[in-house]
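*Asks:* Not my notes, these are from Swiss-Prot:
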- GLY170, GLN171, THR172, GLY173, SER174, GLY175, LYS176, THR177: ATP binding site (BINDING)
- 932-1003: coiled coil (COILED)
- 1062-1130: coiled coil (COILED)
- 1167-1241: coiled coil (COILED)
- 17-26: compositional bias 'Polar residues' (COMPBIAS)
- 699-708: compositional bias 'Polar residues' (COMPBIAS)
- 96-431: domain 'Kinesin motor' (DOMAIN)
- 1-74: region 'Disordered' (REGION)
- 298-302: region 'Microtubules-binding' (REGION)
- 331-337: region 'Microtubules-binding' (REGION)
- 380-384: region 'Microtubules-binding' (REGION)
- 429-467: region 'Neck' (REGION)
- 685-709: region 'Disordered' (REGION)
Amino acid sequence: MKHFMMPRNAILRDIGESQSPNPSLTKSKSQRKIKSSKENAPPPDLNSLIPDHRSSPAKLKSPLPPRPPSSNPLKRKLIAEATADNGVAIGVSDSGVKVIVRMKPPSKGEEEEMIVKKISNDALTINEQTFTFDSIADPESTQDEIFQLVGAPLVENCLAGFNSSVFAYGQTGSGKTYTMWGPANGLLEEHLSGDQRGLTPRVFELLFARLSEEQAKHAERQLKYQCRCSFLEIYNEQITDLLDPSLKNLMIREDVKSGVYVENLTEEYVKNLKDLSKLLVKGLANRRTGATSVNAESSRSHCVFTCVVESHCKSVADGLSSFKTSRINLVDLAGSERQKLTGAAGDRLKEAGNINRSLSQLGNLINILAEISQTGKQRHIPYRDSRLTFLLQESLGGNAKLAMVCAVSPSQSCRSETFSTLRFAQRAKAIQNKAIVNEVMQDDVNFLREVIRQLRDELQRVKDDKGNNPTNPNAAYTTSWNARRSLSLLRSFGLGHPKSLPNGDDDGDTEMEIDEEAVERLCAQMGLSPPAEDNNQEMSRVEKINSSLQTVVLKDESYNNSHLKSSEATDVNMEDACCQTENNGSETDNALTVAETMDDGSSVQPDSITNSLHSCISDTNQGNSPSKAENIPSCQDLVIEADVSAIVSVADTSNNTEQVSVNPVSPCLSVAPVSVSPVLIPPTESASPKIRNSRKSLRTTSMSTASQKDIERANQLTPEVVEPSPAMSTEVLNLYSALSTKKSEAFPVPTRQLAASLHRGMKLLDSYRQSTALRRSTFRLSYKALECKPSTVLSKADVGVQTYPQADEIAEDNSKEVLCSRCKCRAECDAQEISDTSNLQLVPIDNSEGSEKSNFQVPKAVEKVLAGSIRREMAMEEFCTKQASEISQLNRLVQQYKHERECNAIIGQTREDKIVRLESLMDGVLSKDDFLDEEFASLMHEHKLLKDMYENHPEVLQTRIELKRVQEELESFKNFYGDMGEREVLLEEIHDLKAQLQCYTDSSLTSARRRGSLLKLTYACDPNQAPQLNTIPESVDEGPEKTLEQERLRWTEAESNWISLAEELRTELDTNRLLMEKQKRELDTEKRCAEELTEAMQMAMQGHARMIEQYADLEEKHIQLLARHRRIREGIDDVKKAAARAGVKGAESRFINALAAEISALKVQREKEVRYFRDENKSLQSQLRDTAEAVQAAGELLVRFKEAEEGLTFAQKRAMDAEYEASEAYKKVDKLKRKYETEISTVNQQHNAEPQNPIESLQASCNDDAMAKYDEPSASDGDNQWREEFQPFYKKDEELSKLAEPSWFSGYDRCNI
């Protein structure tokens, strides 16, 4: 049994890959055989595929490159796929590493100790050992010679499209930095042309000169170059951006297309040598350097300067365009050093350790690459051991030309380091790099134009045949024959494969080796003959029939790429690849899907093919009629991946009948095969609404009044924003009318803007009220001049003379003629209010010119003030109307947002229903036709909703509101600051009020000086009764004191009236303040509502995103299931074919079928387990790395804990010592205190025991009489004197008692301890 099954495993794949006399079969099989290791890799040109006849007759091995080692598969992938990605023949350069050894000039004391000697241009000796390299530069060599050896070839390689790298290696102080960059000031502008310049400025000087020369030389090809540079350093295994030192500890990433790169690294474009010099100066200034005993400015880090040169050229003659990329890496490595020679300590010692470790890892990598190049034996390449090797892996054994400048010191003191450097250079010279030209050639434009022209002719011919012969009975056969011919035309142009697809990971793909000897041996054991040629011919015929029934898809190029990206990832055998064509800008975007149902190996059924193709093409031609054009939506409108803005194109396609006639039918009318799963349409991606270009312009006239502006605002806003468009369906109109009855739709204006506008409105209201209150108080002191009645000059106190009823009637008539009804009503109310509150009247008796002039000026000024107040009141009402309209618009936007939210909920429900339908279709519950009908109805309903949301988008209304408000503000500013605007009127009113006040002040002062009181203040008890006028005699009989007292009483009453008026104003101010607080609370409520709406919208968007992710996971699982089923079926078919060829029949055939099914299931299960174990291995490796990092962090933390514990123990010990010392000090103080108290008590006892002082006794004996009187007082004085002498001791006793208590600094010391 074992011998029976083993050969079968080798023929599970392509049993028909043996030699076939049929050339078409050989061509198709060779195409499958030469397929790249990448599933998504673009196939090479069909005309350039030549079968490989170098394989042995025993085994036909796959021409795929050998699988890369498991350590770094990506490195080898990039090299293996370079040819396939470019699409053209790429020049390959198989060259080794170029090594140049440069000897440092010896110092004065080292001239006699030189141990390195140059014996030829490419050889040197050290300790009687000879080393051979590409070139040797002796100590007398100049910078220009090094440039000619390394820099000039590097520039030419860069222009040719190769990647190039230059490494500077050697011990510290050997001249690496000088070779690469030159002296410290060599990069400045004044030193750019000196002889001491380094390799880098010379390289780029030549590079920019050659770029200019090439551009001028190939100007007809539109050749353009572009250079971008980056500069980084690797210090202590951390990458820092030298152009932006704030970017530290950058991470290295790896990508299939771009390879290895540093994340977030700064790249700057340069155009000339001056720009590049600035970058070099800036980067080298930020590089880490330090002083050692060997080198005063030793580099403490590796630095890498990278320049990417991109060129693009296009040939006008043949339409070919090429894109060439080359990368230049200039690497200045830190020098190796020994602690004995450099005397490094502290940070320098740590840096030296990291540098030596990094160089050791580089040397290990060089050894492995040299061994691989010499022996050809594959082994693990440790690129990831250090940041330097991981970053520069393309330069070391990859796609680059490498030149290495090894700097050595010929002195005896550096013998070991020099010898180590030369051995490193010798091993590096053995490395073999494979540099290729990084060039991408695009397809021939003229060829594609010819293809498009022929395809157009074919399509037009098919349409003409169908239109000219509508009743021809042979039309179905002709149509199917035309479809076959069109398919052959497409295949002849080579459009059956995608032009370019991204490369995928080929991990897990295995290519089987088909052993023909084992097949023949199996046939001999079973007594069967080998496969005959007639079977091969039959298989070729079946292959032809299957290939002729492929699906023809005409789509947009971008959508085709994205579709093939997902579909080709699931196909194992690309037998049924989609045919693709490229469209010009005016070509169709829709798709025609034609597919037939047919079992493998069966004959062709012309009737089914004819019927299906006939139905598809007839549906296509029916789209020419304008009446049905509206019922056939374009594929662009039904494909969910399209932009939301493209949905509006339904109306355009309904009017454009020519476009509808060209476009094929939508995918919902296509016939899908039974054996192929239906194409799953992904859900709509949620896109936040964005304001594009507003085509509405709201213009206001500067001469329109407030009422006219209100009317225009109401007329403009309603029809443009609120009314639905005629293209909306009846259902959407009903829904819109139901929603419009509640509140207006609104989209919230930004919170800060709304708050600012309301705050500005409140300020205007406050200023208006304050100015109104001030004007009212001024009016009430204007002595009845507010009625706009002309004043009369009176010489006598005659009441009848002063009333002037005719003048009053004339004034009233004039006011009626000038003022409108609204202003007249407001003026009458103000006049009535003023008449109610005013109690003062002016009774002029002087006939002088000043009095007459002032009496006529007063009414004019008051009229102007009154007109200004009315005008400002109207402006405020207009402002309030604007605010009310804005509030209504905001409410309308809120309602509209609610409607959009409901539409989103409906769309989400549609997505869920779609998922349910897909699951039902997969389970077989729902038939394919029902699924297509329900899907079409769902898409049409969703299209209506999206169209409704597009036509009534909230942000459109918001934009209009913003534009209207800005225009109104601009208009108000123009009206205020313009000629004869509000500003001029206000200035004129202020001037009139000042003149009026000055008039009253002057008249009152002059009358008081001449005749005393000229004002007669009367008080009216009845508000409606006119105040009485009293005559004032010419001569004053009463005394001045009585007159003054009367005037004082009158002014006191007037002052009380003013106080009551002030109280009323204060009450009104409080009311307004309460109203403002209420409005502020309402504003806060609106803000909270807006925030809640925003949060709800965000939650809805997040839910929609989660729904899309779930659908994507479901679709991925579905695709995986289909791929697994397809692989099982292919395995069964292969085994059936092998059994049919071997002639197995009857029971053996059933056994073979069962065995094939089991083998296929086991194979799929094994692949699944392999993928599972691979993923688990990766996860375990990542967990292991995380665990190692955690263990390292825990070790560091444990060390810190131990240090902290030692510090704590030491602190506790110090605290105990301090407490012991403090207790001892307390004991000493107590002891001293007791001793002192004992001494004090002894002295007091001795003092009390002695009766008197000896001196006093002698005086008493001399003067008995005198001392008899003063005996007792002298004794008391002596006692007091002794007490005074001992008083300091008592004070010290008190201080000691104080010291006995715990001092303030004892606790402080404890805290510090």
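Cβ coordinates are placed from backbone N, Cα and C, and glycine is handled just like the others.
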*Asks:* Could you check what DSSP calls LYS176 (ATP binding site) once collapsed to helix, strand or coil?
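*Replies:* In three-state terms, LYS176 (ATP binding site) counts as helix.
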*Asks:* So which one is it: of the binding-site residues GLY170, GLY173, GLY175, which has the fewest other Cβ atoms within 10 Å?
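*Replies:* Relative to the other binding-site residues in GLY170, GLY173, GLY175, GLY175 has the fewest Cβ atoms within 10 Å.
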*Asks:* Using DSSP, what is the helix/strand/coil residue split across the region 'Microtubules-binding' (298-302)?
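*Replies:* Its residues fall into 0 helix, 3 strand, 2 coil.
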*Asks:* Just to confirm: which same-chain residues, 6+ apart in sequence, have a Cβ under 8 Å from the Cβ of GLN171 (ATP binding site)?
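*Replies:* Those within reach of GLN171 (ATP binding site), by Cβ under 8 Å and sequence separation of 6 or more, are GLY335, SER336, GLU337, ALA407, VAL408, SER409, CYS414, GLU417, THR418, THR421.
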*Asks:* For GLN171 (ATP binding site), just give me the three-state DSSP call.
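*Replies:* Note: GLN171 (ATP binding site) is in a strand by DSSP.
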*Asks:* So what's the average pLDDT for the region 'Microtubules-binding' (380-384)?
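*Replies:* Mean model confidence (pLDDT) across the region 'Microtubules-binding' (380-384) is 91.
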*Asks:* Write out, in the order they occur in the sequence, the residues of the chain not among GLY170, GLN171, THR172, GLY173, SER174, GLY175, LYS176, THR177 that have a C-beta within 8 Å of the mean position of the C-beta atoms of the recorded ATP site.
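*Replies:* Sorted by sequence, the hits are LYS104, ASN295, GLY335, ALA407, SER409.
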*Asks:* For LYS176 (ATP binding site), list the number of other Cβ atoms lying within 10 Å of its Cβ atom.
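*Replies:* There are 25 of them.
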*Asks:* Just jot down the residues in the same chain as SER174 (ATP binding site), at least 6 apart in sequence, with C-beta under 8 A of its C-beta; none if empty.
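*Replies:* Listed in sequence order, they are LYS104, GLY335, ALA407, VAL408, SER409, CYS414, THR421.
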